[in-house]
Amino acid sequence: MSIMTDVSPSAARRRSVPRFVWVIAAIVALYLVAGVITPSFATFDNMLVIVRAASITGIVAIGMSYVTISGNLFALSAAALGAFLAVIFALAVGHLGFAAGLAATLLVAILAGMAQGLSISVVGNPIITTLAFSTVFRGLAALFSGNSIVRIDSDIALALGTGRPLGVPTQSWAFIALALVSWALIRRARLGRLLVLSGANPQTAIASGLNVRLATVVAFVALSVGVAIMAVFTVSQFSQAKADLFAGYDFDYIAAVLVGGIALRGGQGSPLQAALGAILIALLQNFMLLNGFTAGLRMTVVGGLVLLATGAFHLLQRRLR
Amino acid sequence: MLRMTNISKRYGATEVLREVALEVRSGEVMALMGENGAGKSTLVKILAGIEPADAGTIEIAGEPVTIRSPRHSQAAGVAYVAQELSIVESLSVAENVFLGDTDAGLFRSPRSLSTKARPFLLKVGLEQVDPLELAENLSVAERQLVEIARLLSRKARIAILDEPTAALSDAEILRVKGAVRTLADNGCAVIYVTHRMAEVFELSTRVTVLRNGRSFPSIETASLTVDTLIEHMLGRKLEQMFPARATRMGESVVELDQCIGHGLLAPISLSVRRGEILALAGQVGSGANAVLRMLAGVLPVASGTMKLRGAAFAPHSIADSIAAKVAYCSDDRKRDGIFAVRSVPENLSAPALDRVSRLQMISPVMESRHTRGIAELFGIDLAYLTRLAGNLSGGNQQKVALGKWLGIEPDVLLVEEPTRGVDVGARAEIYRHLRSLAERGLTVIFASSDTQEVLGLADQIATFYHGRMVRVVSAESSTPESIVRDVIHPTLAA
């Protein structure tokens, strides 16, 4: 029998609305507002456009969520790695065929993820490490492509890049599948639990006999695989690769994670939140495009949304304390 | 000086304080006692302006005051020393004494500040500390004393000290106690929140007990005994604080032969049997923790050999010792004892993920069975299982930090300060559970600077002083005096 009389004051308040509910609410609200203001918005066709736009960003954002959840903030090397892997994929498909190209790309991606993860366990700072890797990857992309466009001619690739099974783009199928698999992995797999606990408190994780270094490596391999999928889809869709692909996209991936409400401190949140964040940003971008917002204005609004979201989640957290 | 009446506070559906009254006179030390979660912290935070009260009045020196922010509280002459110290490490001691003091002026030469700080440092027994020294070079106890010097410099009329000695060893506590007396002698009304019985009896003139958010009329300390005070806090008769000692012990499980590691000045040899509870008694820095850390694989063994179950044992990491069924729980629960942002079940299964997963997937059924098993063994209320570990009281957090190790079915449990920051009720429970585990064959080695705990819980006691082991004695043949002599000044011991 317990003689504790714990009236921890915050306990009752703590069971509050989960963050992803806020994101879904924001998506629904934006959808309704946009639907009323812009008639062409809430059509089935436009929905497909949005899902496709969200898919490419979302695939990487899901990968990025592994990094954030495992307590490594985020990577600044995703876009550059994407360009490098795109060049590798295009070259390998040209020389070895589609299947071998795919395998080579995945292999390089996994190695790139391991290299980053291991370097971070030595350097200690994911931001600085991935910033350096970003330059390395961009340089390798230029080196391998000879600074020119690498074209491919593969029917399988074209089918993969432009196909629409059941009317839905292949990119979106991959996005949905990846979101569900990642959710299950983080939620239910032993490896996912290792990531979550390492992010929640690395010292306690080490003291519990867990391999925190492994968690970091796994997180970066997961991100790199997400980046590889993006690179393969993009090269397949446009039948070409070049060294400056995805330049400037890094903020979008991070924005999706932040808008989705994944805590930067790590150990909390789910890849589904990053997926929802990507959808919210895609909705907003689409709405602004339909209404003829300029590129500069769109950038400003997305940046503002990230500030607003992180600020709101921070206040929410504080109030719970 | 201070009269708080009918203070009420609720968080959502939970009523934390209900019509609480607290009255303190100038020049007296009022001990504020109660179990964790009784509302002590909330009450002092209301007075300090950190939390607003829902209802009630506060009078200071007969004048009703409104306290809505820390600034109001300071203006009314209230000074608050929180459990987490507010010493700025990169500033000098003198600058810390006058930190936030707007009267000190913007541009003061270090020298004049130092001259101004000296009398206050003298009063708290820090005369040997150079006021120009950086605060980062001070020990925890000295930082605590600098905070008290700050209270003196501000001429606070009411001082709140929230568990000022929680992280200190007995010798350091003496200095803090002296400083608190100085505060009261200067006419300050001191509110002293603590878990330590000894301090209440030595320092306070009266005691106010909070229980379940209600206050009881204050009691003259002179009319109380430890037992009656505990009864007041728990609201019922306390069963004995410490369980009975071991009746039977098995073969030797852990052996240290001439072991030296960082923090030890002389080799240590020890032997601990199955089912035995061994206390390593010593002040902070005595080397008692080093023994645990060597066994846990955290601290390399510089020379000497360790044996576990008769075989050589040389762990190089925590993972090694866990694999050998040796569990280690450090004294810093927040840093490496719990995952505050994760749920209690996730905390409890962390060291034993392979026991709750099948084919690399976590099985909710196995995890729930695992969690409930530990909860039952260690008396964790099942209602807490849905909570985040960080939202539990100190006592329950400690049960989680210790209990999670039962999942690996350890042979040896190494614990530093098993009940730091834990209230009386949970403390007795933790002692009882440790003993019942020992009866089932677990060997427990714990390091502690709490003499009462060392004497009450252990079968054997190894005393440590300045990196050396003084002696190993049976708990039955020891007295508080003999232990304290060993750990404070062994040369005086016969």
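Using N, Cα and C of the backbone, Cβ positions are placed for all residues, glycine too.
TrEMBL annotations: computationally assigned, not manually curated.
The transmembrane segment annotation in TrEMBL covers A:20-41 (among others). Tertiary neighbourhood of the transmembrane segment (A:20-41): same-chain residues 259-261, 270, 272-273, 276-277, 279-280, 283-284, 286-287, 290-291, 312, 316, selected by CB-CB distance under 8 Å and a gap of 6+ residues from either end.
The transmembrane segment annotation in TrEMBL covers A:47-66 (among others).
For the transmembrane segment (A:73-92), same-chain residues at least 6 beyond its ends with a Cβ under 8 Å from one of its own Cβ atoms are 60, 63-64, 67, 100-102, 104-105, 108-109, 112, 116, 126-127, 130-131, 133-138, 140-141, 144-145, 150-152, 220, 223-224, 227-228, 230-232, 234-235, 240-250, 253-254, 257, 264, 266. Per TrEMBL, the feature transmembrane segment maps to A:73-92 (among others).
Taken from TrEMBL, the feature transmembrane segment covers A:98-115 (among others).
Residues of the same chain lying 6 or more positions beyond the ends of the transmembrane segment (A:127-150) and with a Cβ under 8 Å from any Cβ of it are 73-77, 79-81, 83-84, 86-88, 90-91, 94, 112, 115-116, 119-120, 240-243, 245, 250. The feature transmembrane segment is assigned by TrEMBL to A:127-150 (among others).
If you look up TrEMBL, you'll see A:170-189 (among others) marked as transmembrane segment.
With a cut-off of 8 Å between Cβ atoms, the residues of this chain six or more beyond the transmembrane segment (A:210-233) that come close are 56, 59-60, 62-64, 66-67, 69-72, 75, 78, 81-83, 85-86, 89, 102, 105-106, 108-110, 112-114, 116-118, 120-121, 160-161, 170-171, 174, 178, 182, 191, 194-195, 197-199, 202, 241, 245-246. Marked as transmembrane segment by TrEMBL: A:210-233 (among others).
Here TrEMBL flags A:295-316 (among others) as transmembrane segment.
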- prompt: In terms of Cβ proximity under 8 Å, which residues at least six beyond the ends of the transmembrane segment (A:98-115) contact it?
  reply: 81, 84-85, 88-92, 133, 137, 154, 156-157, 217, 220-225, 227-228, 231-232
Task: With a Cβ cut-off under 8 Å, give me the same-chain residues at least six positions beyond the ends of the transmembrane segment (A:295-316) that come close to it.
output: 16, 19, 22, 251-252, 255, 258-259, 261, 263-264, 281, 284-285, 288-289
